[in-house]
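Here's the structure, in structure tokens; my notes come after.
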Amino acid sequence: MAAIRSLSRAKPLHSLYFHKLQFFSSQTIIHQQIQNTPPLPDLVNDISRVLSDYRNPHHELELSLNAFSSRISTNLVEQVLKRCNNLGFSAHRFFLWAKTIPGFKHSVESHHVLVDILGSSKQFAILWDFLIEIRDSQSFQITPEVFWIVFRAYSRANLPNDALRAFSRMEEFGVKPSIHDLDHLFYVLCKRKQVKHAQQFFDKVKHEFTPTVKTYSILIRGWGDIGELSEARKLFDEMLERKCSVDLLAYNSLLEAMCKGGNVDEAYKMFVEMRSSGTKPDAFSYSIFIHAYCEANDLHSVFRVLDTMWRYNLSPNVFTYNCVIKKLCKNEKVEEAYQLLNEMIERGVDPDAWSYNAILAYHCDHCEINMALKLISRMEKDNCMPDRHTYNMVLKLLVRVGRFDRATEVWESMEKSGFYPSVSTYSVMVHGLCKKRGKLEEACKYFEMMVDEGLPPYSSTVEMLRNRLLGLGFLDTIEILADKMERSTSCSIQELANAMRGDKPFRRSRSEDSELESE
């Protein structure tokens with residue numbers, strides 16, 4: 001355990017941090033000169049760390065931020081807000097603090113990002129106070145786009161009635177709602193399967209607005225997503241009665257509803273009628289059937305549809321390709337998956353991380369280490385950067401089979417490629433190493449690195465590491481780790497110090513459980 005003790009004697013992170021504060025405060029750069037200068041990544045990291053560490057309402061956040069005032073620019077503020085999208089209260093205080101700097105003015109983007117942050121953090125009271133303040137002060141013109149963000153936030157929080165009330169409040173803020181705003185409201189509700197609320201509101205207000213084919217298509221697709229084909233068909237018929245010009249979007253919405261409802265044959269009949277009536281199918285029309293056949297595990301029909309698409313010079317989008325690649329891997333047809341990946345590139349469709357991850361999951365499940373590492377190298381050559389899931393899958397495999405040397409190589413390559421390990425990535429290493437004989441010291445090393453980065457570990461990670469150390473009698477190491485956690489500038493890490501000592505019960509969140517299972 002010597003390595004653990006040497007790490008714990010290293011210069012505390014907070015002392016290095018305050019040294020940086022003194023450095024920045026000594027600068028005399030004129031604010032106007034750097035207003036449009038791209039911010040240094042280190043500066044974004046430092047300010048983001050302050051917002052994370054000083055998230056308690058009683059913390060003197062503004063005092064700590066003052067050292068950065070001479071370096072603040074519009075671009076910097078936007079980047080910090082985007083980085084701190086889970087720190088609603090701190091982000092709001094940072095926004096208000098920046099506003100007090102002479103000569104500084106927030107961008108439209110910063111206003112939108114803050115509204116999104118407050119909504120995502122479920123701090124709706126602060127959100128409405130913020131909107132009222134900028135309305136009354138006339139410091140920013142509230143647009144329909146701001147309300148679209150609010151609709152989405154309420155829908156994500158499973159508060160559809162509040163999203164509907166937000167629509168009704170638009171005129172309070174000088175925004176006259178239009179059919180486009182109604183479409184956005186219905187879209188976010190239907191996306192979260194809250195279509196019944198959307199339908200009830202539609203029935204209530206459809207005489208005040210003039211619904212378009214897009215409005216109907218959104219609702220039709222929403223009913224299809226929850227398997228209510230009869231409701232989707234009813235809306236399609238209503239659209240015809242209203243003499244709406246039925247376009248390709250409307251047809252595709254009904255076709256998708258039919259396929260999701262299990263009526264693929266009936267959908268195909270409509271597809272044929274659609275073509276004969278002069279409505280030309282697009283790539284999405286065909287993709288609806290590809291997804292339906294993938295769901296039915298009918299790969300023969302999948303490739304029959306793909307062949308037809310290529311005959312008409314149409315290409316599926318990356319989402320549809322990924323669906324087929326994943327299905328091929330599930331059916332042990334990894335060579336065909338590679339062929340499809342190559343075909344995507346040849347046809348000008350850029351694969352994303354999920355395209356590669358689907359194949360990578362196959363290699364990891366079959367303990368094919370060389371193939372997995374070769375695929376990661378190919379991702380980088382194809383200009384598709386590996387993501388959190390990519391690294392987590394490979395690291396988990398390497399630790400599980402005992403290839404610790406290769407795991408170290410992958411970890412070092414992550415940092416060189418500019419990927420910053422997340423909590424889940426550190427947890428993969430700590431959990432995996434804890435289960436290996438003689439690797440507990442390395443597990444502690446990764447745990448300390450996570451704490452030094454200011455990343456609060458999962459409670460299950462703290463519990464597992466503590467139990468392993470306790471079982472082997474390393475009580476001193478438990479105390480060293482707990483002391484290090486207690487000295488962290490992160491409140492969340494400080495709170496977990498008591499759990500490491502055994503003074504507080506462990507509490508797992510549902511998101512933590514699902515996160516660990518998915519990795």
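The chain as shown is numbered from 1 upward.
For all residues, glycine too, the Cβ spot is worked out from N, Cα and C.
Annotation source TrEMBL lists repeat 'PPR' at 143-177, 212-246, 247-281, 282-316, 317-351, 352-386, 387-421, 422-457.
Across the repeat 'PPR' (422-457), DSSP classifies residues as 25 helix, 0 strand, 11 coil. Residues of the same chain lying 6 or more positions beyond the ends of the repeat 'PPR' (143-177) and with a Cβ under 8 Å from any Cβ of it are 111-112, 115-116, 118-120, 122, 124, 127, 131, 135, 184-185, 188-189, 191-192, 194, 197-198, 201.
Same-chain residues lying 6+ beyond the ends of the repeat 'PPR' (247-281) with a Cβ under 8 Å from its Cβ atoms: 213-214, 216-218, 220-221, 223-225, 227-229, 232-233, 236, 239, 288-289, 291-293, 296. Applying DSSP to the repeat 'PPR' (317-351) sorts its residues as follows: 26 helix, 0 strand, 9 coil. Look at the repeat 'PPR' (212-246): DSSP puts its residues at 26 helix, 0 strand, 9 coil. Distant neighbours of the repeat 'PPR' (212-246): 179, 182-183, 186-187, 189-191, 193, 195, 198-199, 202, 252-254, 256-258, 260-261, 263, 279; these residues of the same chain sit at least 6 beyond its ends, with a Cβ under 8 Å from one of its Cβ atoms.
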